Amino acid sequence: MKSKEYNYDPNIHRLPWYGGWLLLALVAFCGTVSYLSFFHLPPALTEADLAQHPSAFNGARAWDALERLDAIGPKPTGSRANEVEAVQLLEHELSLINASRHIAQEVLYDKQITSGQYGINFFGSSMTSVYRRVQNLIVKLVGAEDQHALMLNCHFDSVASSPGASDDCGSCAVMLELLRVLTRQPAKLRHSIVFLFNGAEETPLQASHGFITGHRWARDIRAFLNLESAGSGGKELLFQSGPHHPWLIEAYSRAVRHPFGQAVGEEIFQSGLIPSDTDFRIFRDFGHIPGLDFAHIFNGYRYHTRYDSVKYLSPAVLQRTGDNMLSLVRLLANGDQLARAAERATGHTVYFDFLGLFFVSYSATEGTVLNVLVSVGGLLIGCWNVLTIVGWSHWRSVVLEMLHGFVATLVGAGAAIGLNLASAYGLDQFADRSMAWYSSYGLAIGLYCVPTMMLLLIAHREFHRLFSKSKTVLSLTLTVQARITGVFFFWSLITLGATVYGLRSAYVIAILLILSLFGTTLITLLKLQSFPSGYWLTIYLIVQSVALLWTTQFFHIFANIFIPITGRSGADDNPDFIIGIVAAGCTIFAISFLVPLINLLRKPYRTVGALVVLFVAGLILAIATPIGFPYRAAGTSPDQEPKVQRILVQHTVRQFFEHNDTGRIRATDAGYLFRLWDRHNERTVRDVLYEQREQLIRPTALPECKTVVFCGLPGSAIRFSSLWSPQSKPPNAPDAMQLLLKAREDHHLPGGKSKVTLRFDLIGSFQASVLLRLQRNVTLASWNLSTVVPKQLTVSGGHRAYFVLITHGLPDEPMELILDLQKEGGKEDITIENPLLDISVSSNFWEYHEHFTDSFHKFVASFPDWAHVVPSLAVVNVYSF
């Protein structure tokens with residue numbers, strides 16, 4: 001077909017103005033469908049289904065076990081609830097399972113009481129983790145070939161004030177039912193399965209270390225499945241794999257009935273953006289074993305609160321997880337993958353599901369090739385699509401329009417992110433309504449997604465108005481298609497950049513490009529590109545509807561992860577910046593291929609105007625109505641979900657001991673320590689204290705902060721900013737962990753150096769932390785906690801200190817601490833009067849409500865019902881030597 005010298009009337013073939021509103025409706029519809037897909041769960045089997053489905057996972061039986069674990073209440077490590085009641089309940093369940101097993105099955109049981117220590121970097125804080133007599137309950141279902149084993153792991157402990165129904169008793173209930181089903185089958189599996197019920201994960205990650213480094217069955221394990229939770233309900237997400245074991249993903253792809261996994265989740269989690277970790281890290285780093293990590297991620301508002309209970313879960317959640325795990329376990333335990341695991345440890349894998357309908361995986365190398373081919377091929381076909389109509393001699397006009405589309409997208413995206421950051425700053429600093437979206441998910445869309453759409457549309461419309469030529473060989477339809485190729489160019493550059501950087505997450509964009517490429521190719525082959533808008537547009541919108549289902553799911557995933565996290569990520573940073581950037585990025589990703597269509601509308605600014613109205617409405621709702629209040633109390637039904645503010649308060653007594661003396665106290669005081677978990681914690685605490693006429697100060701303002709390590713505060717607050725309220729009455733704390741100096745040895749070394757060896761006993765079986773701060777010119781040459789001395793961390797007051805976290809499960813003998821110190825100078829510099837180091841020993845008492853004073857009980861009860869208060873006691877003993 002020959003080209004024409006210039007375009008005909010630019011108003012010909014334009015769509016009616018309400019087409020823009022229909023386009024917004026399409027985005028909303030596809031976004032709703034992708035959102036609902038996350039919560040579509042198979043119905044749970046009931047007790048009545050046992051006869052008909054004896055070999056299937058039964059959600060009702062798993063639910064029964066979960067209800068009994070939930071009824072125990074909070075189960076922090078070291079508490080009677082965790083070390084006695086939960087252990088007895090699980091042992092009773094395991095004995096019933098063993099009694100009902102098939103005669104062909106061999107089931108072995110072991111209770112491991114383990115102690116140990118290791119160094120770990122936890123969210124940027126270098127620490128030494130010490131655990132004493134924590135418990136693991138371990139069951140081995142012996143296979144026909146008892147050489148290679150698969151392990152399943154859950155943890156039955158919970159944080160204080162939370163029953164831990166989802167995190168992680170639900171996973172333990174799933175494992176109990178899996179064990180029950182597998183032990184009743186008449187034939188042995190080919191390989192053994194180890195079921196690890198660990199009792200100290202929240203401490204963090206300690207019991208799993210004791211198992212993988214010290215238990216006799218650990219040496220046979222070739223792979224593991226870790227069942228975790230960072231939310232409450234919905235689908236379990238496969239979010240970590242391997243590393244370097246693609247056969248595990250292949251097995252998941254073949255076996256799992258209801259897939260839900262995204263490699264992008266793995267890279268985000270391992271980047272440290274999410275303030276959480278799992279036992280996967282321990283098995284990978286200390287056991288050098290590959291595995292798959294699963295977690296429920298939705299409704300993170302309930303994570304680590306009293307609302308993580310069976311009231312807000314359903315048997316369908318357990319049924320879905322159980323169905324998937326049973327299929328996967330059977331495939332791995334009967335296949336040859338475990339026996340060949342070591343030789344198949346090659347390369348990374350790209351993996352993803354599409355709305356749970358199917359699962360795709362391929363190697364990272366194949367992903368690199370695919371990304372490059374799609375990025376380059378899409379640009380070539382996009383240009384060819386237009387040039388076959390206007391003629392190849394007009395390639396400059398096509399390239400120019402393509403660049404207009406690229407620059408308009410770039411400018412619109414930059415403006416959108418800029419506006420969102422400005423809105424985030426204004427809401428926080430001037431309106432004092434940051435986190436308005438926390439309990440109203442739709443406000444995040446109104447405040448940050450809508451203005452992103454608005455500025456993208458304006459950018460494309462204004463570029464068209466300013467740079468379109470009155471005489472051109474490109475019709476309006478072809479101009480728009482060339483601009484779409486410019487959008488493709490925008491995402492191609494990002495895809496190629498991410499690929500060069502080594503990010504497997506580039507597949508997220510590559511799939512969008514593949515869909516766009518498919519639509520363009522189809523239009524080109526059918527030769528519809530030069531016809532009036534309705535012909536090619538119909539095909540284009542059908543393909544883009546599928547693309548919207550793909551892209552909008554990532555907004556929901558990221559929003560459901562990051563919005564609840566802002567309630568526990570600290571008070572120092574404005575969380576609206578994070579949500580504004582995430583919302584802008586996801587919105588640009590979702591609608592950028594639709595934005596150029598605005599130039600087909602007769603009155604495009606009516607669509608823009610509708611978005612302006614929605615944005616203004618969102619601002620009004622956030623600033624001037626109760627909808628913008630961040631928190632929501634629990635309602636009378638499970639449908640009225642709580643979205644609470646977390647308040648951690650420790651009634652603390654501080655005891656400062658005489659120099660070189662662990663028996664005489666020179667000063668003591670008491671107060672409430674508040675760990676600031678979110679942006680509005682300080683205001684809530686100040687309001688409550690103001691009513692009670694209590695003082696509230698920054699810990700750094702304490703006079704002892706200049707001389708005492710971490711200002712004399714409990715080490716449990718080391719990762720968060722804090723507030724201190726002095727109190728005249730100390731807590732009724734139990735006996736705390738005491739430091740006893742057993743011996744001191746002084747030595748003079750060649751070269752003008754001195755060496756001092758200090759031997760201590762830490763007496764008491766409590767959850768504790770130790771901070772060691774060395775004086776000037778003193779170094780820690782070695783200690784008995786690790787072969788390598790770890791790095792120091794910087795704490796409040798600018799002090800640098802070694803941080804030791806100590807967890808006790810069952811009561812234990814005193815713990816020995818040996819420090820070898822070196823100091824520049826001769827013997828005269830190491831006299832007993834000259835201080836070498838300060839030691840702060842904090843004892844933390846979780847779930848010790850019977851020791852609360854009446855005034856502390858009243859204070860805790862005075863917080864509003866939308867606050868989740870975690871009260872505890874703490875004793876801080878500060879020594880110097």
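Backbone N, Cα and C define each Cβ position, glycine as well.
TrEMBL does not curate its annotations; it predicts them automatically.
Annotation comment: TrEMBL describes 136-328 as domain 'Peptidase M28'. Taken from TrEMBL, the feature domain 'Endoplasmic reticulum metallopeptidase 1/1-A TM' covers 431-621. Taken from TrEMBL, the feature domain 'Endoplasmic reticulum metallopeptidase 1-like C-terminal' covers 642-879. Residues or ranges marked as transmembrane segment by TrEMBL: 21-41, 369-390, 402-426, 438-460, 472-494, 506-526, 538-565, 577-601, 608-629.
Two recorded stretches are said to be in contact when at least 3 C-beta pairs lie under 8 angstroms, sequence spacing 6 or more; the transmembrane segment (369-390) and the transmembrane segment (506-526) meet this definition. Counting Cβ pairs under 8 Å that are 6 or more residues apart, the transmembrane segment (538-565) and the transmembrane segment (21-41) reach 3 or more and are in contact. Averaged over the domain 'Endoplasmic reticulum metallopeptidase 1-like C-terminal' (642-879), the predicted model reaches a pLDDT of 90.
Remote same-chain partners of the transmembrane segment (21-41), defined as residues 6 or more beyond its termini with a Cβ less than 8 Å from a stretch Cβ, comprise 233-235, 260, 298, 314, 316-317, 319-320, 355-356, 453, 541, 545, 548-549, 552-553, 555-557, 560, 590-591, 594, 597, 606-607, 610-611.
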